[in-house]
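Note sheet for the following structure.
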Amino acid sequence: MGACLGACSLLSCASCLCGSAPCILCSCCPCSHSSTLSRLIFTAFLFLGVLVSVIMLSPSVESQLYKLPWVCEEVAGSPVALQGHIDCGSLLGHRAVYRMCFAMAAFFFLFSLLMICVRSSRDPRAAIQNGFWFFKFLVFVGITVGAFYIPDGSFSNIWFYFGVVGSFVFLLIQLLLFIDFAHSWNQRWVNKAEKSDSRAWYAGLFFFTLLFYALSVVAVALLFIYYTQPGACYEGKIFISLNLIFCFCVSIVAVLPKVQDAQPNSGLLQASVITLYTMFVTWLALSNVPDRKCNPTLLTHLDNGTVLAGPEGYETQWWDAPSIVGLIVFILCTLFISLRSSDHRQVNSLMQTEECPPVLEATQQQQVADCEGRAFDNEQDSVTYSYSFFHFCLVLASLHVMMTLTNWYRPGETRKMISTWTAVWVKICASWAGLLLYLWTLVAPLLLPNRDFS
């Protein structure tokens, strides 16, 4: 009897995976918005691809990948004694990551094209977005298998530049999410302070603002200590100094009286978050400088097979600190994209999400109370986010995680992974573009007084 009940439960869950509706009638699905569940499941597909990519970077898996037709022609284990180069064995794992991320990007790009101009769940394509998960998983697996049989040729070199462009855009999206998070955080704590007439909320804002600025100053000091040398590393010194000056300038602009009059919610909390994120991107950029004197994380193979970093000879692996922190930030930002829409109209417009009207929100709360453990369709009148743009963000996320897992190393003509200045300039330019974007959010109401920025 218990086995029969278990089988029925499994069949109920299988209907969730194969059905065309957003699990409205499935007791195995949580009581939540179908739009939120769909985004979370697509994000789970992305994280699954990231997990497979991480596994493929392990040496034991690399040895098995030699059986595929695009393996290196050189003998495995042949040492390379050139500075900043990795031998063919390590290259193989990173070429596998390129193909896995190509499959993820192709999968999400296919859905991005398919979901253009979907206005509500009444559109037949919305059923594909919110259901048929089993078949979508089969498509995902099929694209992945096909990607591993792409002839090498110039694929890695071409796909590297796709990754550079996509990662640049995704870095800007990350900054936008941090700006929105800081604005929402500041606004909510100020509102609570005004309602409760308590200074504790203001003290909390002051503490975190001071903490973020302190961390930024520490980051600047560490960057100068570890990524610059006396009489050398002039590029790194210029990048650090310029970003420090730019962050100081936007912090001053954020508290100018005219800016405060136009945007009462702007302040140093947001500026401190942007400053800390800018120093983080600067760190990522300097970790790709192709010079061992100026980059202690640069990998180098010696004749005895030991991997060294910098003249002191610190032992390291591909998973260095910049890659780990970058992957954590990537995961948090991707979940942020999947779980919420913004409290600010400008961000909703840019990210293609919508705020829920009060009347519709009340109706949905009643549906939540009546759903009894089932997901319900909250997009019968209009979608709460752009399906197409959401998948495009996942395309950019796939490209960004590819560059993160491979440390932005470019496949060279001699089939070696090479650290180049391209990665450095892309990240530095992304930090400058992000600061310019934040500056625009501060001064736009002053430059365009006739437009509504409330």
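Any Cβ shown, glycine's included, is placed from N, Cα and C.
According to TrEMBL, the feature signal peptide maps to 1-19. Annotation source TrEMBL lists transmembrane segment at 36-58, 96-118, 130-150, 156-179, 200-226, 238-256, 268-286, 321-339, 384-403, 423-448.
If you count C-beta pairs under 8 angstroms between the transmembrane segment (238-256) and each of 36-58, 96-118, 130-150, 268-286, the highest count goes to 268-286.
Here the transmembrane segment (36-58) does not touch the transmembrane segment (423-448). Their Cβ atoms form fewer than 3 pairs under 8 Å, with each pair 6 or more residues apart. Recorded stretches compared: 156-179, 200-226, 321-339; the one with the most Cβ pairs under 8 Å to the transmembrane segment (268-286) is 200-226.
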